[in-house]
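Engineer: Here it is: the structure, laid out below.
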Amino acid sequence: MVAFGKKLKERQLEEWQGYYINYKLMKKKVKQYAQQMEVGTQDRRHVLKDFSRMLDNQIEKIVLFLLEQQGLLASRIAKLDERLDALQEEPEISQITELREAYRAAGQDLLRLLYFVEINAIGLRKILKKFDKRFGYRFTDYYVKTRANHPYSQLQQVFKHVGIGAVVGAISRNLHELQDRQGRSYLSIYDQPVIPLQDPVVDSIKAAVDRLSNSTNFLNFLAQHALIMREELPAPIEEQVDDSNYHFMSLILNLANTFLYMVNTYIVVPTADDYSMSLGAAATVCGIVIGAMAVAQVFSSVYFSAWSNRSYFKPLIFSSVALFLGNTLYALAYDLQSLWVLLIGRLCCGLGSARAVNRRYISDCVPLKIRMQASAGFVSASALGMACGPALAGLLQTKFKIYKLTFNQNTLPGWVMAVAWLIYLIWLCISFREPPRENEENAPQESNQVQNDTLENGLHQPLLITSLEKPSDEDDDPEVDDSEEAPEESRLPVTSFGAAYRLLTPSVKVQLLIYFMLKYAMEVLLSESSVVTTYYFRWSTSSVAIFLACLGLTVLPVNIFVGSYISNMFEDRQILLVSEILVLIGILLSFNVIIPYSVVQYVGSGLIMFVSAEVLEGVNLALLSRVMSSRLSRGTYNGGLLSTEAGTIARVIADGTITLAGYLGRNMLLNVTLIPSLVICIVSIVSTCYTYNSLY
């Protein structure tokens, strides 16, 4: 991969070259400081003072140029406003069209200015990170805290960009006046706050401002759960992605596949134990029945990820057919009285897991300006599917026969999902449009992933680079010169799990361990819920379904709360550690050490564990999307596949543990299955603390 400094220079606008942050100079200065401190000719206090002064000078250069350009834009817009006022009395179509294009041209220049600010902010963030890493000192925290709220701070100009906001408002308002009725509209933009201005320039400006602000809100927080990897630098204005490949109905079908698959996964949980017993097996065999789908998904994720390099339509067709057949076999197992048919049906369902295709479609075929919303939609569809699955199972409490086929609470989930996948398959064949694309495996090209994390959250967390930042490629090695280019192979996607594993830094491995832990704990809680509640509380299938549906319904409200409030008040690593501790508390409270075991204890501890795990998953994936190497942003063995495999393997082991623990008796099931969760959780907490301490 080309080193960051060289990429930064290539992305700069030529006519503004002298006003960008001098990243290469500061990098050499950091190296020089290190050499001087090694020989004892420089002390740390002098280094900090000198480097702070250099940063202040660089930021002042940027800000003064920014203010100058804002003034030129403001003067230009003021003259256009005068022309607009003159047209109010006698509007002429030709002059209105000309004026609209003039405003759009001003908008294009504003986009260039926003891109200028963004590039400089990324360079500033990177050099602060490099300084911290080289000297083992949290200089970033000191620098930001001393400048964030100071009345003379230049740093605020870069990250609050109030002047730019005023220019954005002026262009948007006047374009709105010129849009409807050729300037004869009686309504202003303020009278219709919920109706967006349909203009490509304004849309691009809004996307650029959102990217620059990168505010920690619910939509951003939720979108990061999709773990769609991002590129280090945003694309220049002239390199914006062509939106012609985007097809709205294809995106809806992609999200529908995600929703139906999650419904399919969890619709059998309330009845899996009863179904196993009706076929002559123990109730705890439900672990194998539920986990068979995850076993197949371990393998299906790989071939679907590879298949998505060439096509999206064909993998989705295969997914639908496999899930239709799998659910049909699952339903027929009851009349055939065959546990093997039941398991084969669940394996077929797992072989139809197209989540890798769903994620890849969003990253490759959805325009940048709505990719964040699409990513949030992917996560929301998964969460709703998780809640709807058990709820739907709770409604299927009936029994009847048609010819020799039995329809009851055990078989109806299979029949309902088979019909749903058949309808989806027909809809897919009619409405899906295969986008034209190049083979990503054979060309070293830049990723077109949306750059949502290029800047920190305004001045809530301005430039507070945690230890869980995007790991270094060549640029983080202080000895690498930005003028040199690494071998061509380093730009290509990795071609094996081994190559991907070698790119994982210690912090990434800890993040994957945390993901494994939370998926294991959640799977144990969900999969054994029917057996445990039947044994201790004599719950019916409907009661279990209501409990699981309520757990699933907490996902979106919890993410709204965390994304809108908690993430604004605390750093991600703090939320991460607290969430791990709460998961640990939930596990400890779940143990059956008090006789009798009460519903309040089980439901309360399960709620603590599940909600904490949901918070942990959101923060963990948000961090993971930043710490993974950019080489894992595309190709078959990408970051999304690695996280999916970690979570799926955790589910497989958890479901296997439930079945093995069943041999000890249902009275031992709860405590025996919680012990591995407890151990893994403690290990993840220790690993998290150790990693942070070693990096700071």
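Heads up, the Cβ atoms here are built off N, Cα and C, so glycines get one too.
According to TrEMBL:
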- 472-487: compositional bias 'Acidic residues' (COMPBIAS)
- 2-145: domain 'SPX' (DOMAIN)
- 468-491: region 'Disordered' (REGION)
- 251-269: transmembrane segment (TRANSMEM)
- 281-304: transmembrane segment (TRANSMEM)
- 316-333: transmembrane segment (TRANSMEM)
- 339-357: transmembrane segment (TRANSMEM)
- 378-400: transmembrane segment (TRANSMEM)
- 412-430: transmembrane segment (TRANSMEM)
- 512-537: transmembrane segment (TRANSMEM)
- 543-563: transmembrane segment (TRANSMEM)
- 575-595: transmembrane segment (TRANSMEM)
- 601-624: transmembrane segment (TRANSMEM)
- 669-693: transmembrane segment (TRANSMEM)
Engineer: Cβ under 8 Å to the transmembrane segment (316-333), counting only same-chain residues 6 or more beyond its ends: which ones?
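Structural biologist: Hits for the transmembrane segment (316-333): 253-254, 257, 260-261, 264, 268, 275, 279, 304, 339, 341-342, 344-354, 357, 405, 411-415, 417-418, 421-422, 424-425, 428-429, 432.
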Engineer: Using DSSP, break the domain 'SPX' (2-145) down into helix, strand and coil residues and give each count.
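Structural biologist: The domain 'SPX' (2-145) comes out at 126 helix, 1 strand, 17 coil.
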Engineer: Averaging the per-residue pLDDT over the domain 'SPX' (2-145), what integer do you get?
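Structural biologist: Across the domain 'SPX' (2-145), the average pLDDT comes out at 80.
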Engineer: If contact means at least 3 Cβ pairs within less than 8 Å, sequence distance 6 or more, would you call the transmembrane segment (512-537) and the transmembrane segment (378-400) in contact?
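Structural biologist: With fewer than 3 qualifying Cβ pairs, these stretches do not touch.
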Engineer: With a cut-off of 8 Å between Cβ atoms, can you find at least three pairs linking the transmembrane segment (339-357) to the transmembrane segment (575-595)? Only pairs 6 or more residues apart in sequence count.
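Structural biologist: Contact absent: fewer than 3 Cβ pairs fall under 8 Å.
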Engineer: Considering pairs 6 or more residues apart, do the transmembrane segment (543-563) and the transmembrane segment (601-624) have at least three CB pairs under 8 Å?
Structural biologist: yes
Engineer: Counting only residues 6 or more past its boundaries, what in the same chain has a CB within less than 8 Å of a CB in the transmembrane segment (378-400)?
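Structural biologist: Long-range Cβ neighbours of the transmembrane segment (378-400): 222-223, 225-226, 255-256, 258-271, 358-359, 362, 406-409, 412-413, 416, 541-542, 544-549, 551-553, 555-556, 559.
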